[in-house]
Ligand SMILES: Nc1ncnc2c1ncn2[C@@H]1O[C@H](COP(=O)(O)OP(=O)(O)O)[C@@H](O)[C@H]1O
Ligand SMILES: [Mg+2]
């Protein structure tokens, strides 16, 4: 009787190496993910910023959390795209007919999204610093911010994985990106929710992205974080677990 | 491991997609170390059988064992002892040929993945193209890489789903040569084909899949006996497999 060992970590590392190569060989994806939010930041600060009343003297400080979340949201369309391509090309069938840990292929893509987001978010923060962003936050607060952004990436990439694995067409796979792009816009990312009409405001205040924005904003400005971080965390864990289960189910069906 | 002389054993296999039956009770056995060709026209259900035997798809009823392991209850053991070259070349186009092979060697948890890759590249005449992305390969080169990826790790049974479809005659001859070499070293080869000549060239045993069942199964000589001896023509002509195939199908449909 042969014993079958599970090589989850080793397999995931191979998968991660593979999809990191994909990213570095098509730099346009990572550049788009980095440039777009920077362009938005420039637009909001230097064109629209004068007209927006946030109650803070430094609009870049107000804006940066939302911009970081938008960068993450922009990146997930590519996750769907890469997964969809793997299904189409039969790569997943090959992996699934091999003694490879079941979820390693998906984790490879998800971790790749994390690594590439670390790179583009770092660049965005550096540009913000040049534009006058200042923060009293200490190392712990920055780590907390990194953790929140990582959670946000995990949530969205697992959702994107479902789309990439179950879509019938490439357009279907990418369509998931649109509603995800929209969520940060209808939140307190750019303007305080108090300036919105009541229906929109109710949505904006209770949708998960606002909790993320507020938690990051509080951490970066040295304010007490309050409930937001727990709200953000509960949303993250709840949606990630659900999305993970659905994505694995879609993976087994497609594989 | 069982002492079974059969590498593959299939009994009463049934499979429908939605309510459309594709396999309606398929039975056959493949001797260890032999080349078995499953012949059938497009849509006959060849890929469906391959997917069931390689644990990618579950049958509705019936039994299938590979290397003595049941595909439903021992899928991990089955995966450990097989490799699959699917109907469409499943190579990672963004990686080079060498990287594709190294990746598979790592996923099979083998020692010295670099040496394994170099050896296969050499054997498959891909050394010159080894460090180019697979996207730049011709159809024949891609198929060779695809088959090379299946030979990583010397699995005891290899499945080749229409390995030469879409190849030019020269590339087809190369693939035939590889398959013969492989079987010569004791590996069991299960291949599907629409080309009667391919089965004639390669296989020890040929089974014809038609209307969801195996309608004939035997050596080429046995199959030829099913056919009325030499036609009366200007020159006496041996029946080709094509003649046999058409005769059998006509008998069945007119019966
Ligand atoms: N996922 C699927 N859903 C519905 N029908 C399918 C699916 N896969 C294959 N079929 C149908 O099953 C039949 C057999 O397909 P297949 O096994 O791919 O045949 P072959 O490989 O011999 O060409 C075809 O009629 C095909 O259209
Ligand atoms: Mg087929």
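Placement of Cβ uses the backbone N, Cα and C atoms for every residue, glycine included.
Annotated domain 'ABC transmembrane type-2' per TrEMBL: A:28-254, in sequence order.
Annotation source TrEMBL lists transmembrane segment at A:30-52 (among others).
Note on the transmembrane segment (A:64-85): residues 19, 22, 29, 32-34, 36-38, 40-41, 91, 106, 109-110, 113, 116-117, 120-121, 124-125, 128, 133, 149, 152-153, 156-157, 159-161, 163-165, 167, 170, 173-174, 176-177, 180-181, 183-184, 187-190, 209, 212-213, 216-217, 220 of its chain, located 6 or more positions outside it, place their CB under 8 angstroms from a CB of the stretch. The feature transmembrane segment is assigned by TrEMBL to A:64-85 (among others).
Marked as transmembrane segment by TrEMBL: A:106-133 (among others).
Residues annotated as transmembrane segment in TrEMBL: A:139-163 (among others). Remote same-chain partners of the transmembrane segment (A:139-163), defined as residues 6 or more beyond its termini with a Cβ less than 8 Å from a stretch Cβ, comprise 68-69, 72-73, 75-77, 79-80, 83, 106, 109-110, 113-114, 117, 121, 172-173, 175-177, 180, 212, 215-216, 219-220, 222, 225, 229, 232-233, 235-236, 239-240, 243-244, 246-247, 250-251.
Under the heading transmembrane segment, TrEMBL lists A:175-193 (among others). Counting same-chain residues at least six beyond the ends of the transmembrane segment (A:175-193), those with a Cβ under 8 angstroms from any Cβ of the stretch are 44, 52-55, 63, 65-67, 69-70, 73-74, 76-77, 80, 156, 159-160, 162-164, 167, 200-201, 203-205, 207-210, 213-214.
Annotated transmembrane segment per TrEMBL: A:229-247 (among others), in sequence order. Among residues of the same chain six or more beyond the transmembrane segment (A:229-247), those with a C-beta under 8 A of the stretch's C-beta atoms are 106, 144, 148, 151-152, 154-155, 158-159, 161-162, 165, 208, 211-212, 215, 219.
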